[in-house]
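Trainee: Below are the features I grabbed from Swiss-Prot:
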{"type": "BINDING", "residues": "254, 260, 261, 282, 283, 284, 285, 295, 296, 297, 342, 343", "note": "ATP binding site"}
{"type": "BINDING", "residues": "321, 344, 345, 362, 453", "note": "L-glutamate binding site"}
{"type": "BINDING", "residues": "422, 435", "note": "Mg(2+) 1 binding site"}
{"type": "REGION", "residues": "1-37", "note": "region 'Disordered'"}
């Protein structure tokens, strides 16, 4: 074979969602295996025999209103345990739905593009009729109950036949509070959780600023993405000196780990800067952009499936949050929280407090872009600059997060995270990062919220790539070798990584397609995961890495092999993705991901 990357042979695919739909009509006892194999070459993970175990359900009304269509199992004073049967049955992936039902129902599974890579579960918004999987698979479609699990997420899970269960029971997924670091060690390969250990490095306002400040010192003038911030009480004297030089200066004081407007104030009074409590004080942007004379900020949503290699997606939709009363530069108004703060949790009370004669407005992000178009504003430039701010924020914090993960997480693929990014525009349309939230609220109190957050919940779960879990008796020895990124690196991989990182440094950040001459099993897993992920992207947009983001590599605290591999892959794939995809498919057909041997091309 030729050693050139561009000469990879073309391989046709027989796997498709149509194949999956066709399997949906098989009976529980069907012996047909050809279509299952053709579907996507399912691994032992989902083709293994299934036990006849069932979760014992109890009738319990959900603690949140409007969720009575979602069953919660095991929430009684006496914990309900999973009963296991010694009898093993042979059954297919999906249930014996009738052909008529399948014709009207959306598919339950999303096939991989690649042989021997299992499919992922499809998620939908409320009201979508979805093909039911086999009963014994549906028994394992369980999600951990948590008080932070929002209604739109519950409804999305219910549409795909998931049951919400007590945390003491077997569960596949978790969406809730950030876990304690040590809890990540107990997670199993079949589980998915919505946080990374160490995410506080970007979610805490003090940590985020510390990391951005380091980047400002390394790259002067290139990381002015966040208003200057003081960490109190350490920086108290520096803050007082800043305020003394100009009587019009103010700062926004916030607790470092709060959300939804808790504990926020705009001030310049020394008494508001305690000498003991930990707070952050951020330069106040005195000339913000206003719409209809009101100050506003943006809530955007960023999704990160992995920090090695770092990948960042931004959701196409978002929220625009307004202050309740017209903005004024007057110092005398500085204490008016309804004028200077844009948190919806604060401003929704303005009408009841008598300071506004109507409910505070809220726009979608699309509404804002339409407004800019009508005003003749270059909104594409603003969007590019916002993307740059978000990318730089994640690059600033990725090293400490990776280091924290390495201590507490054996398999990175079990984690994913949705971040709430708060951005404000000044009067020159420059975007400024205010903070990053690691648990952005998906609770939806208005139809506008539902229109944004319900599709978001669905797209997040699809992008996360939730697999059908193995049977209860197979959990300890399930074969995850065909899953992307199994967390292990052999000597061959380590040697290749070290040599290419050294070459990258020697060539001053230049890399070429020779990095693809030999793809190791670990390389293949990472690229297969990425290509399948792009097939589930929904309304997210990949902003890093792309074919045009190689200039960001210099900002990383250290050169990571997987980052440069994926960056170069994006450059090589720009004109024709099918070439690389066909090569990966050939490797999958050769069971390369299960091999410890390197394949030469």
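FYI, residue positions are counted from 1 along the chain as it appears here.
Keep in mind that glycine also has a Cβ here, set from the backbone N, Cα and C atoms.
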Trainee: Report the residues of the chain - excluding 321, 344, 345, 362, 453 - with C-beta within 8 Å of the mean position of the site's C-beta atoms, for the recorded L-glutamate site, in sequence order.
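Mentor: Same chain, not in 321, 344, 345, 362, 453, Cβ within 8 Å: 299, 319, 343, 348, 441, 449.
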Trainee: Identify, in sequence order, the residues in the chain of residue 296 (ATP binding site) that are 6 or more apart from it along the sequence and have a CB within less than 8 Å of its CB; answer 'none' if there are none.
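Mentor: Residue 296 (ATP binding site) has long-range Cβ partners 288, 289, 290, 320, 321, 322, 323, 342, 424.
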Trainee: Can you check which residues sit near residue 283 (ATP binding site), meaning Cβ under 8 Å from its Cβ, same chain, 6 or more apart in sequence, and list them in order?
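Mentor: Listed in sequence order, they are 227, 228, 229, 249, 251.
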Trainee: Rounded to a whole angstrom, what is the largest C-alpha distance between any two of the residues 321, 344, 345, 362, 453 that the record assigns to L-glutamate?
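Mentor: Looking at 321, 344, 345, 362, 453 as a set, their Cα atoms extend up to 17 Å apart.
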Trainee: Which whole-number value in Å describes the distance between the Cα atoms of residue 362 (L-glutamate binding site) and residue 422 (Mg(2+) 1 binding site)?
Mentor: 15
Trainee: For each of the binding-site residues (422, 435), count the other CB atoms lying within 10 A of its CB, then report the residue with the highest count.
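Mentor: Neighbour-count leader: 435.
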Trainee: Which secondary structure state does DSSP assign to residue 422 (Mg(2+) 1 binding site), in the simple three-class scheme?
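Mentor: Its secondary structure by DSSP: strand.
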Trainee: Of the binding-site residues listed here (254, 285, 453), which is spatially closest to residue 435 (Mg(2+) 1 binding site) when Cα positions are compared?
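Mentor: For residue 435 (Mg(2+) 1 binding site), the spatially nearest of the binding-site residues is 254.
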Trainee: Near the Cβ of residue 342 (ATP binding site), how many other Cβ atoms are there if near means within 10 Å?
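Mentor: Looking across every protein chain shown, the total is 25.
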Trainee: Determine, to the nearest whole angstrom, how far the Cα atom of residue 344 (L-glutamate binding site) is from the Cα atom of residue 422 (Mg(2+) 1 binding site).
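Mentor: Residue 344 (L-glutamate binding site) to residue 422 (Mg(2+) 1 binding site), Cα-Cα distance: 12 Å.
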Trainee: Looking at the binding-site residues 254, 285, 344, 345, 362, which one has the fewest other Cβ atoms within 10 Å of its own Cβ?
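Mentor: Each of the binding-site residues 254, 285, 344, 345, 362 was scored; lowest Cβ tally within 10 Å is 345.
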Trainee: In sequence order, what residues of the same chain, 6+ apart, have a Cβ less than 8 Å from the Cβ of residue 453 (L-glutamate binding site)?
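Mentor: In sequence order, 150, 152, 442, 443, 444 meet the Cβ cut-off.
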Trainee: Would you mind checking how many other C-beta atoms are within 10 angstroms of the C-beta on residue 321 (L-glutamate binding site)?
Mentor: 22
Trainee: For residue 344 (L-glutamate binding site), what is the secondary structure state per DSSP, taken as helix, strand or coil?
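Mentor: DSSP assigns residue 344 (L-glutamate binding site) to helix.
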